[in-house]
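All remarks here apply to the structure that follows.
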Amino acid sequence: MHPSTPISSLFSFTSPAVKRLLGWKQGDEEEKWAEKAVDSLVKKLKKKKGAMDELERALSCPGQPSKCVTIPRSLDGRLQVSHRKGLPHVIYCRVWRWPDLQSHHELKPLECCEFPFGSKQKEVCINPYHYRRVETPVLPPVLVPRHSEYNPQLSLLAKFRSASLHSEPLMPHNATYPDSFQQSLCPAPPSSPGHVFPQSPCPTSYPHSPGSPSESDSPYQHSDFRPVCYEEPQHWCSVAYYELNNRVGETFQASSRSVLIDGFTDPSNNRNRFCLGLLSNVNRNSTIENTRRHIGKGVHLYYVGGEVYAECVSDSSIFVQSRNCNYQHGFHPATVCKIPSGCSLKVFNNQLFAQLLAQSVHHGFEVVYELTKMCTIRMSFVKGWGAEYHRQDVTSTPCWIEIHLHGPLQWLDKVLTQMGSPHNPISSVS
């Protein structure tokens, strides 16, 4: 090439195959990135007989059955496109179906897919029509009885209550993902890629609506109920940052379903990022300073399909205390779970919370109020706390955050308001 030829001309040629595939691209953002992603894919598929034809058939006839279109799985499962790494099925689902796709937690494979990402085979299917987007389940309303006639048999709440009513241990128990999660009560559903989490416990029957047929053995009989519905708030959570027992900075209100909390600085006030590097504290000691330097990329929170996931994208582990997560896995409510770098954990399940709340209303105001503890998640960066660490409380860790889940908290508030005053008023000494 002549020395005077602009470097940009090296990238100006787009092959006919890439142009054809880009014709099905969704959205108009990041044209160059999409072009490079498709070009990278075409080079891989041309080595496989019929793969290009199958992909074009799937894209041109989205309602028709299609075969898997696979590429080799990389060592870490990710694909690099123009200095950005991502999971291959997420990249191509974003290009051809959902431009606003944020995470693999939002995708589940169809039953017809033989090489879904979660199967950990040598090949991974990138056919965007072999995946579906996770839908947020509709939560049934909580039916608050005017007069309780509840027979507490087979209650999901029993285990939660018995554990919660005892005093907290001096030092919380510890668990590490994935080792401590292997012996869970239920196997992971095959549609949950890369996770060994059980599904939430199966619900017992919900209370019957007034006027609906009632089973003779139903625990809810002849009662008059007021339905209290779940409503999705504008900000699904708020995040407060602490150093030891000192609150630092303003509370971050999360409106985006994908939120990054990192140790860097971002003066642009990106609504998807909470940058802890921006926050100052005159009482900061050397331990805190050193810990802050290791937060790095921090934690990625996803709110998908009524579930909250925490993904550790820092080079150092994060430590999470979530009562909802602990309940799902049969741990003590105060257990602190270690999430190593590169791993993610489901830290809240709205459907499980709905089941517990629906049952708790029949046990009284105080038991419902106890569920407020389930709506707060504490998370420490770099340094752990609990029985296996010299720090026994989260307020002894250098850098930590407290996450309040607004939807469940507001639902609780409406249920408590409907229930009226407690028989034994809650106080600081109760």
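Backbone N, Cα and C atoms are what each Cβ position is placed from, and that goes for glycine too.
The domain 'MH1' (16-140): residue composition by secondary structure is 50 helix, 18 strand, 57 coil, according to DSSP. Under the heading domain 'MH1', Swiss-Prot lists 16-140.
Here Swiss-Prot flags Cys68, Cys113, Cys125, His130 as Zn(2+) binding site, drawing on similarity to another entry. The Cβ neighbour count for Cys125 (Zn(2+) binding site), using a 10 Å radius and every protein chain shown, is 25.
Under the heading region 'Disordered', Swiss-Prot lists 186-222.
Marked as compositional bias 'Polar residues' by Swiss-Prot: 202-221.
The domain 'MH2' annotation in Swiss-Prot covers 236-430, and the record cites sequence analysis as its basis.
The local packing around Cys113 (Zn(2+) binding site), expressed as other Cβ atoms within 10 Å of its Cβ over all shown chains, amounts to 20.
Note: His130 (Zn(2+) binding site) has non-local neighbours Ser66, Cys68, Pro109, Leu110, Cys112, Cys113, Pro116, i.e. same-chain residues 6+ apart with C-beta under 8 A of its own C-beta.
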